[in-house]
Amino acid sequence: MASGLPSTAGLARFCQKLKRLKPLEEATMETSLQRCLSALDLTLLGVGAMVGSGLYVLTGTVAKEITGPAVIVSFTVAAVASLLAALCYAEFGARVPRTGSAYLFTYVSMGELWAFLIGWNLVLEYVIAGAAVARAWSGYLDAMFDHHIRNFTEAHVGIWQVPLLARYPDFLAAGILLLASTFVSCGARVSSWLNHTLSAISMVVILFIIILGFVLARSHNWGKEEGGFAPFGFSGIMSGTATCFYAFVGFDVIAASSEEARNPKRAVPLAIAISLGLAASAYILVSTVLTLMVPWHSLDPNSALADAFYQRGYSWAGYLVATGSICAMTTVLLNGLFCLPRIIYAMAADGLFFQAFAYVHPRTQVPLVGILVFGVLTALVALLLDLEALVQFLSIGTLLAYSFVAISIIVLRFQKAPLSSSPSPASPRPAAKEYNSFSDHIELVGTEQFPAPEPGQLRPALRPYLGFLDRCSPGVAVASAICVLVASAITLGCVLIFGDSALHLPRWGYILLLLLCGIMFLLSLLVLGAHQQQRQQDTFQIPMVPLIPALSILLNICLMLKLSYLTWVRFSIWLLIGLLVYFGYGIWHSKENQRELPGVTITRYVVFPSGSLEETVQVVQPPSQAPAQEPSSP
């Protein structure tokens, strides 16, 4: 081989590093963070993250410009679509009660490189989201004072005409972010208390809007004289659904907070379901009263609710609406700043990000360095940058995370569950078969040890008909079906989004390609459904796997393909920066990399025919130092 070129074995070892998995058995209840959050705390975190500026701005914008009164249908369909992703998060949050959200879920199922990229994108998503909400908060407060704050800043600082920079520095947005970071750094209990207070005020205001709105409702505003219920037709409803989908982004803060939940197996699924239901109810009811109070075409997109009350002669109600909007946007800020440092903490604790960010303050038990550094960074972004060009990053990062979590659900459902019980010292030990732990393939155990079929094996009732699938190596059929599922979902999404325009296909070609992609998608689902799934009796599991995760994947891909090409270009640049960080630091400092170094202890498992498991420890030594004989198992 030519000098300086890597060997085949070296390349193989390098590729193995990229797909290392974090062992599921490490996701225990032990944590350096404080487990102090109840199901109510998590529910209000989710509600606060979802019911923010979208309720006060998005409803009017979608109703006037995209759907008309049919915005109600758009929010309903968007809520159902969000439920698909939320169920996946609920199962993972209950099963893996550690901080990290989509980053951790990807790490335990799909590999280290994918996990790092998901975490890297989540960091950007939370920074931009926090800055954008702070700008909206500042603008709403400025509007209450007739834009005196903006005029004062422009008069004394000037107007900037620099690309990528804002028109003027928003000191108010930066200040609220620094103040919110201070509260978050005081501990989870303080953040939770403040979130409770602001969420309660926001929900009281929403209840006031709904009650007074129904009192002032006029049914003829949905009549034909005003354009009808759906003036933009079915296409308008679907376009509105794509926009309304992002109103429900935020429930992942519950999964990211599972490491601080008292009883995550029960609290996380319950909180996600209740918070999503409350948010959906709020959006649907507020949209209903908004379009019934005044004609949809007369709405002010920037302040629809306040303007609707003003049109009906209740200008005093606008101040209550403004108060509710300020409280709602503050809870979104708090939740974003609460979640972001915990994603960074999870990556740093795993060695994939700089170790300083894994520091947890001994008294407040929060990742203090991450809160301070990224709180200041988010404040600088809000202060200086033009966010209009960056806001679409929120969409692509969120949808990519949703897709990987859905894929992870399918992977883990057909993966052998890690055993954690050990035999009693006094119990007799039958003859044991020894297994070394590994994580680069779906792990399957033969039926000679366990009479019942293991996850990933063909269902016994289908073996007479689908026996050819059993002739594959263990896990190959399932892994292939998952790859085909994802590939067919991407192709099907491209056909649905670009089939009539970019691809320039004749009608028969479009229908043929659509049928082929649909058949491949359905066949992969049938192959997966023919295999045994993992069943957990003590934790929440979503029904109809792999159907629900597969539909979530397809929906997310379709929404990502609707984003502009400039968003994809910027996203690719951000990914390249992330790859430089990973290959420059993360891959070498990863905890999983440390396990592979000589002299490091690794876990070995002795599995008995009864199904019990004993954990032993082995020290890996360099080949020159390894003993000649195999070390005996206790």
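Heads up, the Cβ atoms here are built off N, Cα and C, so glycines get one too.
All annotation found in TrEMBL is predicted automatically rather than curated by experts.
Summed and averaged per residue, pLDDT over the domain 'Cationic amino acid transporter C-terminal' (540-590) gives 90. What TrEMBL records for 540-590 is domain 'Cationic amino acid transporter C-terminal'.
TrEMBL lists 39-58 (among others) with the feature transmembrane segment.
Taken from TrEMBL, the feature transmembrane segment covers 70-92 (among others).
Per TrEMBL, transmembrane segment is recorded for 171-190 (among others).
The feature transmembrane segment is assigned by TrEMBL to 229-255 (among others). Proximity of distant same-chain residues to the transmembrane segment (229-255), defined by a Cβ-Cβ separation under 8 Å and at least 6 residues beyond the stretch ends, is recorded for 42-43, 45-46, 48-50, 52, 54-55, 58, 61-62, 66-71, 73-75, 77-79, 81-82, 86, 89-90, 92-93, 101-102, 105, 222, 268, 271-272, 275-276, 279-280, 283, 296, 332, 335-336, 338-339, 394-395, 398, 401, 559, 562.
According to TrEMBL, the feature transmembrane segment maps to 267-296 (among others). A Cβ distance under 8 Å defines the sequence-distant neighbours of the transmembrane segment (267-296), meaning residues of its chain 6+ beyond its ends; these are 37-39, 42-47, 50-51, 54-55, 59-60, 63-64, 68-69, 71-72, 75-76, 79, 82-83, 86-87, 89-91, 93-94, 97, 203, 206, 209-210, 213-214, 216-219, 221-222, 226-227, 231, 244, 247-248, 251, 254-255, 258, 261, 304-305, 308-309, 311-312, 540.
According to TrEMBL, the feature transmembrane segment maps to 316-345 (among others).
Marked as transmembrane segment by TrEMBL: 366-385 (among others).
The annotation transmembrane segment is assigned in TrEMBL to 391-412 (among others). Sequence-distant neighbours of the transmembrane segment (391-412) (same chain, 6+ residues past either end, Cβ-Cβ under 8 Å): 24, 84-85, 88-89, 91-92, 95, 101-102, 105-106, 108-110, 114, 118, 121-122, 124-125, 128-129, 132, 246, 249, 252, 442, 482, 485-486, 528, 534, 542, 545-546, 549-550, 552-553, 556-557, 559-560, 563-564, 567-568, 570-571, 574.
For 476-498 (among others), the entry in TrEMBL reads transmembrane segment. Listed as Cβ neighbours of the transmembrane segment (476-498) (distance under 8 Å, sequence separation of 6 or more from its ends, same chain) are residues 407, 410-411, 414, 441-442, 456, 458, 469, 510, 513-514, 517-518, 520-521, 523-525, 527-528, 531, 546, 550, 553-554, 557-558, 560-562.
Here the transmembrane segment (510-530) has long-range neighbours at 410, 414, 458-459, 462, 466, 469, 477-478, 480-482, 484-485, 487-489, 491-492, 495-496, 499-500, 503, 546-547, 550, 554, meaning same-chain residues at least 6 beyond its ends whose C-beta is under 8 angstroms from one of its own. Feature annotation from TrEMBL assigns transmembrane segment to 510-530 (among others).
Nonlocal intrachain contacts for the transmembrane segment (542-565), taken as residues 6+ away from its ends with a CB within less than 8 angstroms of a stretch CB, comprise 81, 84-85, 87-88, 90-91, 242, 245, 392, 395-396, 399-400, 402-403, 406-407, 409-410, 413, 485-486, 489-490, 492-494, 496-498, 521, 525, 528-529, 533. According to TrEMBL, the transmembrane segment annotation covers 542-565 (among others).
Per TrEMBL, transmembrane segment is recorded for 571-588 (among others). Cβ atoms under 8 Å from those of the transmembrane segment (571-588) belong to residues 17-18, 112-113, 116-117, 120-121, 124, 347, 351-354, 393, 396-397 of the same chain, restricted to positions at least 6 beyond its ends.
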Intrachain residues whose Cβ lies under 8 Å of the transmembrane segment (39-58), provided they are six or more past its termini: 133, 136-137, 140, 192, 195-196, 198-199, 202-203, 206, 243-244, 246-251, 253-254, 257, 261, 263, 266-268, 270-272, 274-276, 278-279, 282-283, 286, 301-305, 321, 324-325, 328-329, 331-332, 334-336, 338-339
Tally of DSSP helical, extended and coil residues in the domain 'Cationic amino acid transporter C-terminal' (540-590): 40 helix, 0 strand, 11 coil
